[in-house]
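Novice: Below you will find the structure I want to go over with you.
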């Protein structure tokens, strides 16, 4: 009886507990206990912008929408709620996935309790999504990093952004208490507060009376705020991004606001209403910076996806993607004249593109790319006149560049802390930087100088040597001992020395002392291997103390390496190098002591550069000897500077080339050496000769010739037997031998052509080039030439050599035979939608115009007669006699051709940015259907557009 009473007592006690009011138990709060859990573990993948699994855990409202076929949770029933079953692992797949952070058992229990209690949401409106649901952690530092800064348009105010606020400073003129003189000081006058999170950008806008700020909270959202200045009143505040805003820019006409965010989007807003107009999507990473073009019609963006994009503002169309960068891009800007775009980022390089896609989709060609800093570039701005560019890097350095050649003019190294904020004064004479330690500093920008503050000479090498007086040459025999600089044998130049590399010691070298005046040019060449001597010579020049004489300093401006395969010592084609599209023709490429020069662009990713001279064995420059190079071996684009130049460092090496030569660099003497020497100052020098392998012997004989440099040339008619179709044209080639490094223009002309024959001469063989092509045209009714007619045809080559006009005759034609009309008659003409001729000569030659940096479309038409086969015009050499720097573009590896039975083909001619103004005839040539050439057309290369020229200055 007593046991039954106890049982009933316990039962009544339990029932009493179960009917206690809910208010007596601690109810789970959604905002403080549940929302943070879903935000931390779920909303990264399941959010309103990215509804993975068709579900969003970003807000209570989103969760209430459930998934596609069922609710996400059931109030009062946690065991049937999808959210709880996945989080607790009852259902598969368990969420979050195994490789992601998961809620603790206590947090899972809180969710179960919340569901069981009825899954109550927040009361009233959903709280601001940028409200951080994290505990407050007091700061332990007094530092207030400066995150952005901007100079007012009038130059008398600064906006300095930090976390949560913007400080406004005015420039005041006060009297110094000690000196009594007036001075300019910056004084804080206002604070713009209550900003969400870090302020990433601040800009004066709308004539300088307004201020736009960009801020936000990482992972939650961003805010762009328009302020009235100097009142400090909020005019407009816009929110729409799902992550913090990195930049906010007002268009030049003041009607649009553009914002970019970590959420990968750009949003354009109406400044008056604050309403979003359109979203620009297409980046695959955070968008760190944006910039309006000066006319406001386009917008440039820099992104973590290693690209910059160009957008048309009126409809949001993407006009171009600048894909050359290798890593994230943090900053982008237009030049003040709107002709160029500059960007920088995590690959430590500054790149400049020519801006062409102003209203329609076009490729914006890269103009310059420079390895600029040893760390990522975080800020980049032009001065108002566009003549200087300032870059800030997190390697704690700041540099000023002249924009014409993108050359450093000033460097401010070893900053006390990383600078993240930059603004240039409206006058362009100084700039201000804000650092992560909260300090602000001002630096001057030097004007009217292309030399850096640490640079004596910052111009590419241009030596005007003194012509050595002609003197009779003597012949002397070497006299031992002469193995060292101290025991060198004295000789007078010019001289021919006979000797032998042989000694009782293990190795031998012969040294000869000579005198030279500053600027004198001397040539030293060895005759050994050509005379069957086993000597593999190498010669160099030293000063009287035995130090090598410097010839040139080569500063690397871009780094690269060999791809696909290595290179032999002779190969002049297929130089495949990493990041080749940032290189341009006529740049020097340095690799392991060898210097070559880029001659022709690759035809695509499956081909490489051709280097000078364009065919045959490649040339070395600065008397360097061509070498074999391995796959993956580093190489560099370099700029030459005179010895003694104090070159501003850019993080890449500076190579010193001395007066030295192993195998003659232009490949005319085989293994024998030839060295061109310009005396840097009046004095005595020592010439040393030895075997490059360190070998010697009684039969290692040589003849060493020292003479003055005598530049000259010899021109040759290569094709001396021509078959010309009646009413058509045949090509003939003209080549030159350049002697003693003569690199000037050479003009070839013809006289004595009989009636009914015409040619495209005169033609100019351009500087440094070895060949030109011309055509001989036989009008209808022309007959094969007789020996007497051939004898009257004379070719003459002429050039200016050291101020004098020098002329040399060429070979004559051996035969000129006129054949029947060609089976395929080829004509170059305008293409539909392409450029149209601006003139037509009396002989029917069409004239087209092109500017540097442009591509024009032409058309070749074929009139077929009993021939339906393939007509090939060649590969990279298909544009015959085009000026250097112009080439037939977009032809791929198969070259330019007309497939079987086709009679028309469009083709494109591109002019590089640097090509000088000129007029030149060019043609196409085929070896099919009997082989013949088209009639030539005239290309007039115009000067660069005035706008582009101004932008490059």
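Glycine is treated like the rest: Cβ placed from N, Cα and C.
So TrEMBL has the following annotated:
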- 42-99: domain 'Cytochrome C Planctomycete-type' (DOMAIN)
- 238-279: repeat 'WD' (REPEAT)
- 280-321: repeat 'WD' (REPEAT)
- 332-363: repeat 'WD' (REPEAT)
- 370-402: repeat 'WD' (REPEAT)
Novice: Hey, which of 238-279, 280-321, 332-363 has the most Cβ-Cβ pairs under 8 Å against the repeat 'WD' (370-402)?
Specialist: 332-363
Novice: Please spell out the DSSP helix, strand and coil residue counts for the domain 'Cytochrome C Planctomycete-type' (42-99).
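Specialist: Grouping H, G, I as helix and E, B as strand yields 18 helix, 2 strand, 38 coil.
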Novice: The repeat 'WD' (280-321): which same-chain residues, six or more beyond its ends, come within Cβ distance under 8 Å?
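Specialist: Same-chain contacts beyond the ends: 243, 246-247, 249, 251-253, 256, 258-268, 327-334, 336-338, 341, 343, 345, 347, 355, 357-364.
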Novice: The domain 'Cytochrome C Planctomycete-type' (42-99): mean pLDDT?
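Specialist: Summing pLDDT over the domain 'Cytochrome C Planctomycete-type' (42-99) and dividing by its length gives 79.
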Novice: Under the DSSP assignment, what numbers of helix, strand and coil residues are found in the repeat 'WD' (280-321)?
Specialist: 0 helix, 22 strand, 20 coil
Novice: On the DSSP side of things, how many residues of the repeat 'WD' (332-363) fall into helix, strand and coil, could you say?
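Specialist: Going by DSSP assignments, the repeat 'WD' (332-363) contains 0 helix, 15 strand, 17 coil.
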Novice: Going by DSSP, how much of the repeat 'WD' (370-402) is helix, how much is strand and how much is coil, in residues?
Specialist: 0 helix, 20 strand, 13 coil
